[in-house]
């Protein structure tokens, strides 16, 4: 049973305020994880021996946010944090959500869906604009942790049961953000992220080692070619050398992978975040939007949707790119549908297009617009709704790609979520910066736990989109 729910204002990885929620329950332990017993069958814990627990969650925040996302409530008081304070959301937890949940007598072990549903009704808006998705999500995540502890199981097992997942455990292929562009960097590159994925690894521990080694090789290449000044890290740990064309970025990755000795074992992913350079008035994409001269309305590199498709096709033919995220703008449905119809792509991921929302997923399915969903829990605002979106996407034979946000925290919740849902792949930035590495370290911890257990598990590898178990 929930005894207390309270929130506080803390900082995210960009130095901006975010919401921290703490719930206190009658049962549970505040340990991050509870190891599997070395038995093929779980036995319920004797809850009379489990002390009361306190469970925290820190809410992430996005930079390139979609217009259809749930509302992140900010104070807009320019005297504090430039208007980005979240004390309104914090007060909504302390004065409205918390007391109401305690009064209802919910127990997180069995009532996570009811807790999330109650908060949605309490808010009463379609996008959580009244209480704030950042307030609601913090409570939802903390309650999930409390529920896992009350059941004496790891968080990933709790989320697995909440989702009804029955297939063997699947360790995901991590997609690491190595090169940055878009609005998150000071270079002239329009595309936001260039990622590497160690699909040829046998375990996630090996995959992370491969990525770390390649990352340091890339750092040295950039330092030698452009100067050490360009090895500074961006929000997600990637580098932003003075390049403007996607081929330049992919050539750098190709060289780094080869020098690290992992050619044919590492593949690439691209997230153009194309909504950021889409002109809705003319239906065009300005790849030079960061180089527009004063007094001009556009650059000299404006592309039509058809020309963007040609560009993507040329990149796919030249480089090992199985994953493309948000190649078109969030409401450019025609281009999404045409690309999905006219050319095959292993994984065409909708992020701003779908915003982890079942209604947007249904629209995309009816228009045959993509074949994978990016899952960001703070886009929708509750754990239950994120799980529902993932289940719907899977039922459509889509891939599900779990993601961090650019304004992250040291909370490693999404690592457990990825394993619990068996999504097969995750992105959480570069293999550096504490808030990014926290997720990768947690995944290695989970893999170590599974190795010691009787539970069958696999590393998704080449088949990350539709992972198949081959038991390790």
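Even glycines carry a Cβ here, placed using N, Cα and C.
Here is what TrEMBL records for this protein:
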- 236: active site, proton donor (ACT_SITE)
- 376: active site, proton acceptor (ACT_SITE)
- 271, 325, 351: Mg(2+) binding site (BINDING)
- 2-159: domain 'Enolase N-terminal' (DOMAIN)
- 168-467: domain 'Enolase C-terminal TIM barrel' (DOMAIN)
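As a whole-number mean, the pLDDT of the domain 'Enolase C-terminal TIM barrel' (168-467) in this prediction is 95. A separation of roughly 15 Å, to the nearest angstrom, links the Cα atoms of the residue listed as 'active site, proton acceptor' and residue 236 (active site, proton donor). Note: the CA-CA distance between residue 351 (Mg(2+) binding site) and the residue listed as 'active site, proton donor' rounds to 17 Å. The CA atom of residue 271 (Mg(2+) binding site) is located 13 Å away from the CA atom of residue 236 (active site, proton donor).
Geometry remark: residue 236 (active site, proton donor) versus residue 325 (Mg(2+) binding site), CA distance 17 Å. Sequence-distant neighbours of residue 325 (Mg(2+) binding site) (same chain, 6+ residues apart, CB-CB distance under 8 A): 193, 269, 270, 271, 272, 273, 349, 350, 351, 374, 401. Of the recorded positions 236, 271, 351, 376, 236 has the largest number of other Cβ atoms within 10 Å of its own Cβ. Highlighted in sequence order, 192, 193, 272, 273, 324, 326, 349, 352, 374, 403 have their Cβ within 8 Å of the centre of the Cβ atoms of 271, 325, 351, the residues recorded for Mg(2+), and are not part of that set.
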